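So that you can see what the record holds, here are the features copied from TrEMBL:
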- Asp145: active site (ACT_SITE)
- Asp449: active site (ACT_SITE)
- Glu116, Asp145: UDP-alpha-D-glucose binding site (BINDING)
- Lys284, Asp308: Mn(2+) binding site (BINDING)
- 27-45: transmembrane segment (TRANSMEM)
- 57-75: transmembrane segment (TRANSMEM)
- 521-540: transmembrane segment (TRANSMEM)
- 560-581: transmembrane segment (TRANSMEM)
- 602-619: transmembrane segment (TRANSMEM)
- 649-668: transmembrane segment (TRANSMEM)
- 680-701: transmembrane segment (TRANSMEM)
Amino acid sequence: MGSGSDGGGALPLFETKEAKFKNAYRLFLISMFIGICMIWVYRITQILFDDDVEERLVWMLLFLSELWFGFYWVITKSARWNRVYRYAFRDRLSHRYEDKLPRVDIFVCTADPTIEPPMMVINTVLSVMAYNYPTDKLSVYLSDDGGSDLTFYALLEASVFSKHWLPFCKKFNIEPRSPAAYFSTKSNSVVDVEGLSSIKKLYEEMEHRIDTAANLGRIPEEIRTKHKGFSEWVSVTSQRDHQTILQVLIDGRNPNAVDIDGVALPMLVYLSRQKSPNHPHNFKAGAMNALLRVSSKISNGKIILNVDCDMYSNNSESVRDALCFFMDEQKSHDIAFVQFPQSFYNLTKNDIYGSSLSILTEVELPGMDGCGGPLYIGTGCFHRREVLCGKKYGTEFDVEYEDSVLINKVQEGASKLEETAKIVADCTFEEGTQWGKEMGLKYGCAVEDVITGLSIHCRGWKSVYFNPTRKGFLGVAPITLGQTLVQYKRWAEGNLQMLLSRYGPLQSYGVGRIKLGHRMVYCLWCIWAPNWLATLYYSVIPSLYLLKGIPLFPRISSLWFLPFAYVIITEILSSIGEFLFYGSTLGCWWNEQRMWIFRSTTSYLFGFIDTLLNLFGFAKSRFDITAKLIDKDVAKRKDIMEFGNSSPMFIILATLAMLNLYCFFWGVKRMIINTQTPSFDSLFLQVLLCGFLVIINLPIYNGLFFRKDNGRMPTSVTVKSIILAVSVCFFIM
Ligand SMILES: O=c1ccn([C@@H]2O[C@H](COP(=O)(O)OP(=O)(O)O[C@H]3O[C@H](CO)[C@@H](O)[C@H](O)[C@H]3O)[C@@H](O)[C@H]2O)c(=O)[nH]1
Ligand SMILES: [Mn+2]
């Protein structure tokens, strides 16, 4: 072991294990699938030809909905068919490669100083500067699409604070290395008290200065004179119209760039690419591509880590962990990127908006890893630079990691470097090039990350999903219902655009390169949006027919009842099982069921419509940035659902809730009073479905009628939803 870089016969740097009880689980899935087929058979055979036309139509559409759900079920379970789990051995990596570690460039993206506070951004930056990795091989780039001098100022402060923070982290080997996160953990007793209080004081002073500037609305003159970079803002008139601003805040090549212990600091660069109203800037994808080019002129790291500005590093070993997957002598040759899960630090106990993504991170991504590799989800992801720049998988790929020392030899000063690197961030630079198409991140899709990952898979590469016990990255999940639904709308829209693009998993592009199973799992996200149709149908029609007293499901005493019961019960139990097994609560499961229905009838519907509008050229693509600032008033109510405005999404939700409430009570009442209508026996499943929807919607009734706080539903929503729901019921009766 450890006999040189060829690694022949050496122990592997990573290991892959299959999930336990795989075959038993597969058998179980097959039994469920048989149940689903029986439901389809029931719909086909039981259609009554002497029924009236309307009822036959309703029945057929119900069948189509169930066909869709069954199909979607197959897709979701395909992501569970072959789960694998990865383990990295970074001690072996250090042993074999410590002096040959590659350069790593870290890209942090921010876009708006008001909804992404600079203090949060620099905490993320500091956390990644403090990785346990040779500092001369680490470069950190901040892309600021907000073009804000406040963000620049905060980064300048961070560059000074890092001289104290990095030695502190390394001396006491602390975790996590985001100062704000670290100061709020309770377990920092191992550190010496004096050291802790003095670093905390430095941090608080810095925070105070930044807050003062933020409240002032401009950077005070005495600060502006301290760095030449501020002069760039003299000519900046707007966020959307300015020249490229590139400032090397710490020049890692400079022997004077050291911390208080005399240890070299990582490179730290601020970039705000040129913006002009005449050029599309392509949101985050455009920012990433500018970073790719600028960094290639400065540090040109072979490995690139991309994080969103709210995702601080929670584990100082992540770079080394990721490298285990890139540097194994036998198994690394086709691995293009290593994706860590998106995890969040601001979740409430029962995760009221279902934003923990726990099933995605614990079940679906390991499942995708088993059949070709996880998707690229935009943050917490390590890429090989060449792959991100468009390289195909093939023999010409060199796995040689020895760094060319070229960059170090360049003896030009930082200002000279800024001048040369700046040019590639101009908005005209990409004209007539393959950037955004065959090179870099793809343009024109609301999920630039996922489609870029897919195109990499189409070029023959694999990817790896790594989910260590100590989470690699922690970020901010949206904290209001509105934000959550808008975020999902963007995702649903982007994924549907992807399905329709030439990379779409159903398209022929990439056939043969990307396996059927892998395509199926990709579909899981691609077809989120179309779910709205079947879900909406299922949450309206059976309830209205309950009101009319017409049964649409088999009676309890019929044999056809069995497949329904089997599928419903096993699906509920197995999904509860998944939640509990991965450390979630029953409450989380319940909230996730609610959010699935809410998203389907709002985010997915709107995402679907916008995709179509976009396709036919009626709408321009946009990127609604998720707010990371937590409003104090909202934070007080974090355990109840936050509505607060009269978004059209809320009107839909409220109308559906009212409709089901009405159908449930009138339907049941009529069933009891009027003996003409069919009995409970034949309406049981409909009552159950409608009752379930009523219970799911409890937070909506609460928001409509009982709450007094600012997070309640506005009265206008209450009025509109009641009128709409009542009219639908009268119309149908
Ligand atoms: O014009 C823009 C817009 C956004 N961003 C950055 O993109 C990141 C993600 O934006 P956010 O609003 O936080 O979106 P989320 O929905 O939380 O992001 C998820 O989904 C996005 C795709 O929809 C991916 O880009 C993200 O990486 C992924 O975390 C943030 O750091 C932004 O600063 C830019 O740099 N430029
Ligand atoms: Mn985000």
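A Cβ is built for glycine as well, from the same backbone N, Cα and C atoms used for every other residue.
No curator has checked TrEMBL annotations; they are predicted automatically.
Structure coloured by features recorded in TrEMBL.
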residue: Glu116; record: UDP-alpha-D-glucose binding site; Cβ within 10 Å: 27
residue: Asp145; record: active site; Cβ within 10 Å: 25
residue: Lys284; record: Mn(2+) binding site; Cβ within 10 Å: 21
residue: Asp308; record: Mn(2+) binding site; Cβ within 10 Å: 24
residue: Asp449; record: active site; Cβ within 10 Å: 22
Glu116, Asp145, Asp449 screened against Lys284 (Mn(2+) binding site), Cα within 10 Å - retained recorded positions: Asp145, Asp449
Chain residues in Cβ proximity to the transmembrane segment (560-581) (below 8 Å; excluding those fewer than six residues from its ends, i.e. six or more beyond): 28, 31-32, 35-36, 38-39, 42, 46, 73, 358-359, 362-363, 553-554, 588-589, 592, 685
Proximity of the transmembrane segment (602-619) to the transmembrane segment (649-668), 3+ C-beta pairs under 8 angstroms: yes
Reduced DSSP assignment, Asp308 (Mn(2+) binding site): strand
Annotated recorded positions Glu116, Asp145, Lys284, Asp308, Asp449, filtered by Cβ under 6 Å to ligand 2: Asp308
Integer Cα-Cα distance in angstrom, Asp449 (active site) to Asp308 (Mn(2+) binding site): 12
Spatial separation of Asp308 (Mn(2+) binding site) from Asp145 (active site) - C-alpha basis, Å: 12
Spatial separation of Glu116 (UDP-alpha-D-glucose binding site) from Asp308 (Mn(2+) binding site) - C-alpha basis, Å: 10
In three-state DSSP terms, the structure that Asp145 (active site) belongs to: coil
Assigned conformation of Asp449 (active site) - DSSP reduced to three states: helix
